[in-house]
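Not my notes, these are from TrEMBL:
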REPEAT    106-139  repeat 'TPR'
REPEAT    140-173  repeat 'TPR'
REPEAT    174-207  repeat 'TPR'
REPEAT    208-241  repeat 'TPR'
REPEAT    242-275  repeat 'TPR'
REPEAT    324-357  repeat 'TPR'
REPEAT    358-391  repeat 'TPR'
REPEAT    392-425  repeat 'TPR'
Amino acid sequence: MFSVSSCAFNFFLFFTCHRKSSSVENKITQPTKRILSFQGLAELAHREYQSGDFEAAERHCMQLWRQEPDNTGVLLLLSSIHFQCRRLDRSAHFSTLAIKQNPMLAEAYSNLGNVYKERGQLQEAIEHYRHALRLKPDFIDGYINLAAALVAAGDMEGAVQAYVSALQYNPDLYCVRSDLGNLLKALGRLEEAKACYLKAIETQPNFAVAWSNLGCVFNAQGEIWLAIHHFEKAVTLDPNFLDAYINLGNVLKEARIFDRAVAGYLRALSLSPNHAVVHGNLACVYYEQGLIDLAIDTYRREKGNVSEAEECYNTALRLCPTHADSLNNLANIKREQGNIEEAVQLYRKALEVFPEFAAAHSNLASVLQQQGKLQEALMHYKEAIRISPTFADAYSNMGNTLKEMQDVQGALQCYTRAIQINPAFADAHSNLASIHKVGTDLKLDFALKLKPDFPDAYCNLAHCLQVNIVFYLKCTMLVIHRSFLLFLNYKKTSKTPVSLADCV
């Protein structure tokens, strides 16, 4: 999961305690009592702010402000309180008052930057953060806020530099280092991201977020078992870590360890019952189990896990009607059940939500091909390949469509490309063999070695063998006929006994 630190809010309080002494005894004067009262109330407001009791914090801050309207610490705290309550105009007002009192107050510029960022005025926000950092180069919160704004503006490299600057002033900020790792991971710099997460864990071994993020890196690098280990460590450290359970379920699903994937998703749903993505992912597992364990028995498949998957997808879509993955996967189920028109509608809706959804393009094309709508099917296969140039299934299926359209050369190119992408793709080998007439039986034999339970390959091989047998029989008859003629001719010119085998 990718996240950056939320805006840091800044305020500081100026308190001075004056004690006057007498020759007889220490006495607390009225001004000193007032200062102590002010300080105590300010500390109370600060504690209330930190605990999230913004209403009480605001009430006490207003008392302080009435006592000292020029106190920049109070103005900053009021600015932060109003920001947390999403009263952006009031927040900006108090930040501006603080700047009027002290134009060199970096924290006030940063708070004002937070308001601009929340309004979507990213350039203004960035300018205010940079100004705050010019005033106070070691202002760590300023760097964190600047990084968040730069990410929102799409300047990922600039955000990386902002986080690096913050860490130069305080290398022990493990949360910031983890956020830096997230940025590097998003940029594809996985080894650098891994180093950040490892350093964060070294600084704080119980930081579950870094363990989970490190698991994401290992998963991206294909280190499935290391990914599983790190996700499991994350949920051990934080049993309520929703994202880690989802990540764990996802990687277990990819590893086809379906029972544990289901357990991970169910735990995630116990933490967030209305999480549409988890419902969709759980449905994927049920569907996969149905295809693997129940594919032979259609009745069991339709009455068993596929119905559970359908229920999960419907739940996901009730929670999030525009969840493209659930629309696509529910369409797959409808297609398996023979509800073709409903499947087509769901595929089209998925593509309305997410036009760059390669799998949905390919799935829709496959249904259209079966309906004989070859030109439209071809268009969607081409879209799938444009979006995902290494989509071997789409190449192979597009080859089938081109073959139906009598474009044999185009079909050959598609099958060949599919095999280049995935040399172990049995379907593509079988499809290629069905076109070739020389060496076909060898290609089909290879396809069957890759996929022993592949019925199309058996049919194609049987057809090829049938053709070859007829060819061999014709050759044999020609040889026998030729030999018999030679035998007759030889018998006329020689008296030496000879057998037919000698002529062959």
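Glycine residues also receive a Cβ, built from the backbone N, Cα and C atoms like all the rest.
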Using Cβ atoms and a strict cutoff of less than 8 Å, what residues sit near the repeat 'TPR' (208-241) while being 6 or more residues removed from its termini?
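Beyond its ends, the repeat 'TPR' (208-241) has Cβ neighbours at 1, 174-175, 178, 181-182, 185, 190, 193-194, 197-198, 200-201, 247-248, 250-252, 254-255, 267, 271.
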Who are the long-range neighbours of the repeat 'TPR' (358-391) in its own chain, taking Cβ under 8 Å and residues 6 or more past its ends?
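Distant Cβ neighbours of the repeat 'TPR' (358-391) are 324, 327-328, 331-332, 335, 340, 343-344, 347-348, 350-351, 397-398, 400-402, 404-405, 421.
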What are the helix, strand and coil residue counts for the repeat 'TPR' (174-207) according to DSSP?
27 helix, 0 strand, 7 coil
Can you break down the repeat 'TPR' (208-241) into helix, strand and coil residue counts using DSSP?
27 helix, 0 strand, 7 coil
What residues elsewhere in the chain lie close to the repeat 'TPR' (174-207), defined as a C-beta under 8 angstroms and at least 6 residues from its ends?
2-5, 140, 144, 147, 151, 156-157, 159-160, 163-164, 166-167, 213-214, 216-217, 220-221, 237
